[in-house]
């Protein structure tokens, strides 16, 4: 049987659900949620990690053998800050992977396309696998792809909003055109949103708030894992098209009445 | 600058709005995603009392969604109690015959070592307002020395020029806290009889000079109990939203300092009840959804544990409000008496017991 794996850069993954680690009520709940989600990629805000202290709680709760620890540059307002953070993380022993976040706006945390592009260019030349968090801009996606980014990570709606996929038309174009994996990141507030993204043909989804702030985060992580798988399976199975008029289930049967 | 905007806010009209809001306005505010100042006024009015649980629930939900179940921990480090101002309500008033002290950098580092040993990585440098002792050079050099030990350094000192904030930013300081104390200009003059602090507009524009000078976060606040609490809170809300709209790269935080007994025997003009303070916290969460809301050890342990889930995202613990207080254990020079005197570990445990994570590091010097 053909195995359906996700390939990013030089690595392959069985799971198509990536997890963020902010907002959890405790590191223990975060660890249990990671396990329940079956994720193989966990992103960690470098500003939350004490790289000088190897005993840092948050990193201790993530199994680096089976999970790709993906440092992110959350908090960076421009390309220089993002590049500094990424390089520092690598020098401290983190892998040469980075989820590139450049968000000068502290309220909605919307990504800056110009600074993101500049940082991606520098980091790729520096040997990083760069996974940029961006607005759902199809043209920017093509530019980043041409630069050599490992993925593109367009948002479904503003980060932490749980509003689901509000950028559907642009996401559709991005997915249609992309030559690198498309990871829908930010705004996915319910398992059905993850399923929707996967049904559209996204290669993966990244979720944080919806799981971390759920009443039962571990159960919600499990639900997102199932929804991501279901959406992927539906996409591979080939969804039927929709129509505004009723269609007979057997067209020939209809013809016989004419 | 806000000093040009502020005179256009008709204070009598704002007071009328405050006095006229009723139950229906509270219900409307609770239904809205984007609140206006009338909604804010309704939520802090007596008419909101019957809805306080509903308001607190909404504030809690919004906070969890935006910030998660986390509380950022920070500690204040008082470096000096010298002050040139004559603020009638403040223990540091230059006319108060108290012992004055300026920490040398070595002494400040001793206090900082105690703070760091308790787990803090976010530090707030506080001083009285006397630039002869604490100026941007003193603060900048100290920040450079502290940088290796702390991931975030803020200042709560006298207002500086934009160039001063830029210098501090280059030295590793990332945030600024400045309380307007009251937005009532007459009362402001009355309680600030002397010193540079008499210049209302200079203080009013300080958050903006900070933002222009590179401060990533600016903290605002009024002294609760000084002026009419509803009017001051509405003005503070308008000021906070102005900063958010005009300085889109700057994060805004709001603090809720209630006036406490201090050297000089000042008694609050308009004491603020626990219920009113809770309503203020909730109203700010609903009005300025993304603002960092701060609660200090001025408040009692019981009150802090009860209200922090309703909107607070940042808290101090184990605070000393006197220069040298951490390493010398001498409380005699304190600016005000802390009500929550629990140990840092005790506060962190109380936060965990409520299903929250006490976050010690949420910033990195590489970002400055």
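Heads up, the Cβ atoms here are built off N, Cα and C, so glycines get one too.
Here the structure is a predicted model, which means the values were calculated and not measured.
These come from TrEMBL:
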type: ACT_SITE; residues: A:99; note: active site, schiff-base intermediate with DXP
type: BINDING; residues: A:160, A:186, A:187, A:208, A:209; note: 1-deoxy-D-xylulose 5-phosphate binding site
type: DOMAIN; residues: A:7-251; note: domain 'Thiazole synthase ThiG'
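Residues belonging to the domain 'Thiazole synthase ThiG' (A:7-251) score a mean pLDDT of 90 in the model. Here the binding-site residues are A:160, A:186, A:209, and the ones sitting under 8 angstroms from chain B, going by CB atoms, are A:160, A:209. Under DSSP, residue A:99 (active site, schiff-base intermediate with DXP) is assigned to a strand (E or B) in the three-state scheme. Listed in sequence order, the residues A:20, A:158, A:159, A:161, A:162, A:188, A:189, A:207, A:210 complete the 8 Å Cβ shell around the 1-deoxy-D-xylulose 5-phosphate site centroid, once A:160, A:186, A:187, A:208, A:209 themselves are left out. DSSP assigns residue A:160 (1-deoxy-D-xylulose 5-phosphate binding site) to coil in the three-state reduction, outside any helix or strand.
Residue environment of residue A:187 (1-deoxy-D-xylulose 5-phosphate binding site) contains 24 other Cβ atoms, counted within 10 Å of its Cβ in all protein chains. The local packing around residue A:186 (1-deoxy-D-xylulose 5-phosphate binding site), expressed as other Cβ atoms within 10 Å of its Cβ over all shown chains, amounts to 29. All protein chains shown were included, and the count of other CB atoms within 10 Å of the CB of residue A:209 (1-deoxy-D-xylulose 5-phosphate binding site) stands at 23.
Taken residue by residue with DSSP, residue A:208 (1-deoxy-D-xylulose 5-phosphate binding site) is part of neither helix nor strand, so it is coil.
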